[in-house]
Amino acid sequence: MYNDKVMDHFMNPHNVGEIENADGVGTYGSPVCGDMMQISITVEDDKITDAKFKTFGCGSAIASSSVATDMIIGMTIDEALELTNKQIINELGGLPAVKVHCSVLADHAIKSAIYDYAQKTGKHYKGLEGFDPNADEDDHHDLPEEA
Amino acid sequence: MRQVYLDYSATTPVKQEVVDAMLPYFTELYGNPSSLYSIAAESKEALAGARKQVAELIGAEEKEIFFTSCGTEADNWAVMGAADALRKKGNHIITTKIEHHAMLHSCEFLEKRGYDVTYLDVDSEGRVNPADLEAAITDKTILISIMFVNNEVGTVEPIKELAAIAKAHKILFHTDAVQALGNVPIDVKELGIDLMSMSAHKIYGPKGIGALYIRKGVKISNYLHGGAQENKKRAGTENLAGIVGFGKAAELARTNLTEHIKHTSSLRDYLIQQVQENIDNVYVNGSMEHRHPGNANLTFEFIEGEAMLLYLDMNGIAVSTGSACSSASLTPSHVLSALGIPVERIHGTLRFTVGDMTTKEDIDYVVSTLKNVVNKLREISSVSSEKGW
Amino acid sequence: MRQVYLDYSATTPVKQEVVDAMLPYFTELYGNPSSLYSIAAESKEALAGARKQVAELIGAEEKEIFFTSCGTEADNWAVMGAADALRKKGNHIITTKIEHHAMLHSCEFLEKRGYDVTYLDVDSEGRVNPADLEAAITDKTILISIMFVNNEVGTVEPIKELAAIAKAHKILFHTDAVQALGNVPIDVKELGIDLMSMSAHKIYGPKGIGALYIRKGVKISNYLHGGAQENKKRAGTENLAGIVGFGKAAELARTNLTEHIKHTSSLRDYLIQQVQENIDNVYVNGSMEHRHPGNANLTFEFIEGEAMLLYLDMNGIAVSTGSACSSASLTPSHVLSALGIPVERIHGTLRFTVGDMTTKEDIDYVVSTLKNVVNKLREISSVSSEKGW
Ligand SMILES: Cc1ncc(COP(=O)(O)O)c(C=O)c1O
Ligand SMILES: Cc1ncc(COP(=O)(O)O)c(C=O)c1O
Ligand code: FES
Ligand code: FES
């Protein structure tokens, strides 16, 4: 059901854990929907120098977390805010249609972590406009099946 | 790598004796049982033999067994056939919240076409309370359908009591016995069952063959219309080899029943005990007293079922998250929800089912693998016993 | 004694290659295709492969093939599913007088539930006149169902013309192609077919497995409700081995089609010619131009079909009097009646169908035996060409 790359990120996920004294921490999802992701980041000069995740979720949620944290390490905050679930899926070489929402989780968790960082530092980012980390958490389950 | 199949409730391998019994009916004894010449007569005899074998497994008469293409068709036929035949008498059907989709989706179809359906609750172990059934009956009730053994948590329902209530009100009583067949003793006469669904592929027979028991005297409408097969009640050229295979599997199930129950329940109990000893924050769902002998439905807190399933698969172990036919869906199990299990726990639930080919070594391998898998996934997880949900 | 099977339209032996393809799916690759682990993935692939093989035989896309338990179920699904889905649009169905009972009895069921059915006449060769179809259409017509090849007389209907008429009126067009499959070239796209029924056991596959072709975009209601199998359109654990067998049989049918038609039609023509040369007062029923390549439907005047059938059977020869599933009934064939054949002749009719395993020696043996049988029965008979009926 999953391709080799997804399986590899799922079986041997990168960046598992929590950064101590992280500059930003965000969680998204809820165990009630069967998926909850926490991402912590270290930021230096507006650049993400480290990212770690912890995820309660299915294979695709874990693989998305792994690949998404890989992707944002080295990105500027603005670049990271632009990251879409589509890019995450592409990086993974595709996900089954019913599992697309699991990657949405990752880009939301990243945004939440950056939001936390912005709150703590008082910075403003264009990519965060209109973003509410506490918005309806099971939104991602209502996506159309084909994406 | 060791291969351990622990999903016997999803389907079973076909036993070699069953395949051997089927084989001649493909290439040699291929006559259409409806034809009049000699090789067709042999086919007809083979059908009769299989009908007897299935009848004997459940204490029915041969004439009361009607072969179908699967358990799903038997369920559809029972409910659609009763609904159609008794439309003038009423339009109310009573079933439960924990039925298989074959029953639930048939009922939903009927609801859109003018029928009322009551879905009974179950208790935290998955048992229907007979008093609830009694209370749900109206003068429009035409069918009561309550499954014998639930496919996810393995709970055995109090069929005899429930059937007696139906009988007292002169209402047809159907039970989906797909998971019960060959796993619990069944005597349809003693239990007072009017209609009962069965499927071969859960008892080491082939997939794509089932049967509906229709008690003598019970009249429901046909569902597959056409030729005069199955005593004019179910049309379609008979799945000859499949029926022969079902017959053989039924005979084996009957003669092995005691041994099968002993073997599977002792390994299942060992599995549960070992898991509880080696892994913390584990829950057993369903009744321990009234339970399918091979079923262990376990919740591993703080992690998610599909992830566990795939990790186990990488280690050669086949288990399931809920029923096989909903495994591609994301909605949490309707059965576990009906038992009142919190949704976050439902997501961390696996069903293990032990069968005739399972060994103690298999269980040891599964428990040690499971321990690693659970540990690894708990390390990845964003929730834990310290942090909480 | 020589054994000659000449009833390939009733059912066929399963070819050894087909059995060989099926075997692994009983004991080794037994995973439930709906499950998520590796051995289930192999089952899922096997389903996909078979779907492709069937699709290729009829020029369809894989997504348009839905496996059922038999041709009968495919017919029931098509008509019941269309009737239910289009109820708001209308309640009128057009079919023919010569359909298989799977269609006729489904239509009768619907007639009792508020639908109107027109049964088109056929000409003396068994062909539907397209003008009759055109004339029968009303603004309430929701489905036209006309069989591709008749199972008794082997007549091939002008499907392309009929489908074009349906299309011009924007009415769904279904054809029962159970006898056509593997015997005449079929390209559903070129023919403009919306729904088409098929069955494996007529093309050297196993009994108890069929398929319904549903053209992309066509919406009919489900008939078997339950799990999410067959793209959520046909519930029930898949008959895995049966589907694999159907796939293999379809592949063989496609690659052998030209050879099969040549082989069977030349032996069938030889049979008819030899019978006419050796036996008098014989009639060939149906069209010679538009005909199933293996079918010879012959009337032997002054004697009765069942008696002939039994005498032939004593000599190792298997033939039929009409369709297999009505052979136990005593009412004269509705098909031969619709062709306008007098009842007394209908009783003297036999259907011979030649298949891939038939040889010239088989035909020679059948003709010489038949000659004796007919002579013997005519001696016994109270009617004759001299006495008249
Ligand atoms: C309780 C129950 N009912 C019905 C079915 C359907 O039977 P089948 O798979 O033969 O369609 C199953 C198995 O899938 C089942 O477990
Ligand atoms: C024309 C026709 N339609 C339908 C059927 C029914 O198919 P099945 O035997 O697979 O139910 C048959 C054969 O019996 C047939 O010849
Ligand atoms: S995390 Fe929701 S199903 Fe994958
Ligand atoms: S003579 Fe026996 S059926 Fe009519």
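Cβ coordinates come from backbone N, Cα and C, glycine included.
Just so you know, TrEMBL annotations are computer predictions that nobody has curated.
B:Q179 is the residue from B:Q179, B:Q273 that TrEMBL records in the pyridoxal 5'-phosphate site together with B:G71, B:T72, B:N151, B:S199, B:A200, B:H201, B:T237. The CA atom of B:T72 (pyridoxal 5'-phosphate binding site) is located 13 Å away from the CA atom of B:K202 (N6-(pyridoxal phosphate)lysine). Largest Cα-Cα distance over the residues recorded as binding pyridoxal 5'-phosphate, namely B:G71, B:T72, B:N151, B:Q179, B:S199, B:A200, B:H201, B:T237, equals 30 Å. In sequence order, the binding-site residues from B:T72, B:A200, B:T237 that place a Cβ under 8 angstroms from a chain C Cβ are B:T72, B:T237.
Rounded to the nearest whole angstrom, the C-alpha distance between B:T237 (pyridoxal 5'-phosphate binding site) and B:K202 (N6-(pyridoxal phosphate)lysine) is 23. The Cβ of B:N151 (pyridoxal 5'-phosphate binding site) has 29 neighbouring Cβ atoms from other residues within 10 Å, across all protein chains displayed. A mean pLDDT of 96 is what the model gives for the domain 'Aminotransferase class V' (B:4-366). Under 6 Å, Cβ to nearest atom of ligand 1: this is the test, and of the binding-site residues B:N151, B:A200, B:T237 it is passed by B:N151.
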